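For reference, TrEMBL has these:
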- D161: active site, charge relay system (ACT_SITE)
- H226: active site, charge relay system (ACT_SITE)
- S553: active site, charge relay system (ACT_SITE)
- 56-132: domain 'Inhibitor I9' (DOMAIN)
- 153-602: domain 'Peptidase S8/S53' (DOMAIN)
- 658-755: domain 'Subtilisin-like protease fibronectin type-III' (DOMAIN)
- 1-26: signal peptide (SIGNAL)
Amino acid sequence: MAKNMPHRLLHRPCLVLLLVIIGTSCVQELASAAGGVLRPQIPAPSPSAQPEELKTYIAYMGEKPKSALIAIQVYRSIINKVLGNNGLDALLYSYTKSFSGFAVRMTEKQKNILSGFKGIVSIFESQTRQLQTTRSWDFMGFPLTFNHSTTESDIVVGVLDTGVWPESASFSDLGFGPPPAKWKGSCSPPTANFTCNNKIVGGKYYKASGVFGPTDVASPRDTEGHGTHTASTAAGGVVTGASMLGLGLGTARGGVPAARVAIYKICWSNGCADEDILAAFDDAIADGVDIISLSVGGNTPRNYFEDAIAIGSYHAMKAGILASISAGNSGPDFFTTTNVAPWSLGVAASTTDRKYVTSVQLGNSQTYQGVSLNTFDISNQMHQLIFAGDAPNVAGGFDSSTSQFCVDDSLDPLLVQDKIVLCASNGNGEAAFVAGAAGALYADDGFKDVARPSALPASYLDVPSGTDIYTYMSNDANPTGTIFKTVDGNDTTAPVVGSFSSRGPSPVTLDILKPDISAPGVNILAAWPTVAPVTSVVGDTRSVNYNIISGTSMACPHASGVAAFIKSFNPTWSPAAIKSAMMTTAFPMSPITTPEAEYGYGAGHVNPIKAVSPGLVYDAGPTDYINFLCADGYTTQFLRIITGDNSECPTTPGSVHDLNYPSFSLATTTPTAIPVTTYRRTVTNVGSPTSTYTATIAAPVGLNVQVTPSTLTFASLGESQSYTLTVSGAIQDTVASASLIWDDGVHQVRSPIAVIWVILG
């Protein structure tokens, strides 16, 4: 019987810790309670505590060189001047195919010397980034029966991730011809354990420094699972009867099943290093991929040209390649998204109408519904229940204050053997599994939108359910219960932004709306290597061909697949046009279920079929982004190194509000008296040759939004028309949502307008 009430069932962490520590999350809650959102500062690089410590630095030198050979000689000369004759041993990468620069091991003192050399745009320490880890396509209104482009097989999606499991049925090349003639990539270096085919047309791996972990394989082969999952989501073939041990049974497919994939393995057991990410971008752009899908991100925002992903995606954009990138898994607080470059597509994660329900039945016949991915069935037997706080592993140095949370090794096997353990936490089942428990119930106040697997029968419950079960255990001399196998359920609230999905605004440029769009990223079924674990628990030997996981990592390849689908019908469209088509045709989502509104879901939930024919697009190219960077404070001299030409900032500085973006964002410090803010936009006709569009504004009371002119008439395809939009007035809440729709009777071209009250830190 239970003795001590688990305090985690009663208090929110922010409230418990308020008098002791005020962390970032709590500060933001307090700021939001006051109405505004506290803007964090982009941290400056801190001096090393050990100035002679060797670190990896990336020296970015802008546009690709005219001669790779000469560029490499220049890199080596610079490194030798800083490091001496042995400097070449420290050179990790030379970037020459798509942009200029190099990665090198050196001390902070040497880095400071290097930064003074002519031609260095920026030099920054490499970050180790993390992965941001079917039915979803049908949910988006994109049925298998919808006609795909006859040129879809000419599309190559470049996936930068943990590699791929080539034996998966999702990557069968049955029925595929040879790769398109434009393809310049390869499957190299040759390895005994990886072979490309006509579906997987490229395979490379990158690891310039560090040691291989026990599960790492020096090839494009995926032993972790993440890359296989994302690649099959974007462009996997049609596989019927796919499931995770019976869960999610149905047809697995990617957005562009007939497209090819090129694999660039950048992530390993210890993460994804910036120098490897840039090397993969350098190759992917030169190889000729059509779309880049990158489900990776860091936890710290950086300025655009001190950020490897922003740099790589910028040069991809210059080459006509859209980079689709996950928004991050640090939500639900504001200012948590870090992949924010305006030339890339930032993707938030949302739910679909499928959820996974795991029921628990007690000996008193009461039933509770939790969430998990429980593939075990023990429902034919009732097991004794025990509270984890009553079963501490005293011999191991634990007491009830720690064992109640079911932390590793905290449970006494003699006390929990063959029993179902109630834990006041949200664990992975390892402690209960190792101790020999029959099952585990996890009850806390965390979000319950994500279904998770456990190494043993388990269900994740809310606080009221956990409290009821605890009360039953306390009042019954022989409390028992059982856990049912998970079943598929219908989520009528979908789509809702996942609790984990990182929110905006952009910490780098406040008035660029990020994320851009939302796509399915919660409980997604996709291909999986048979050698990759279902959980991280040692001893969990289950093997699956398809797995269900969640993250903006899963949302990103959905968006990548849609982008590839659009490009297969519109091969000449720019990255900005493809992005615009996705954003302006997205399904609107609700701020009722996502209080952060557009700063949670961007323009809304992606709508693949509508996006093929958006009517109008907001196009932009390198010159537009250079003007934006000028307005954001970059100088002509700095930008010329990046562009490799005579680009020049306007004599009169423009405004970041004038970037031809498909959305409008405004951060204000004066919510009751917002000054008139003007945005200039140009739309290009890609719909009906002759058409007239009329503007409709929807805005909350107090927020004044005006558009001039209110009618746009087009006489031909490809014609462009411009307009201005102004925002002023006041907002009543932290975030105010408005919209502009251009409508010609056939196409509804919708742009979100988001205003947020920001407290400058």
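Glycine is treated like the rest: Cβ placed from N, Cα and C.
Recorded features from TrEMBL, shown on the structure.
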residue	record	Cβ within 10 Å
D161	active site, charge relay system	28
H226	active site, charge relay system	25
S553	active site, charge relay system	30
Rounded Cα-Cα span from D161 (active site, charge relay system) to H226 (active site, charge relay system), Å: 7
Residues of the domain 'Inhibitor I9' (56-132) by DSSP state, where helix covers H, G and I: 27 helix, 29 strand, 21 coil
Cα-to-Cα gap, D161 (active site, charge relay system) vs S553 (active site, charge relay system), nearest whole Å: 10
Coarse DSSP state, helix versus strand versus coil, of H226 (active site, charge relay system): helix
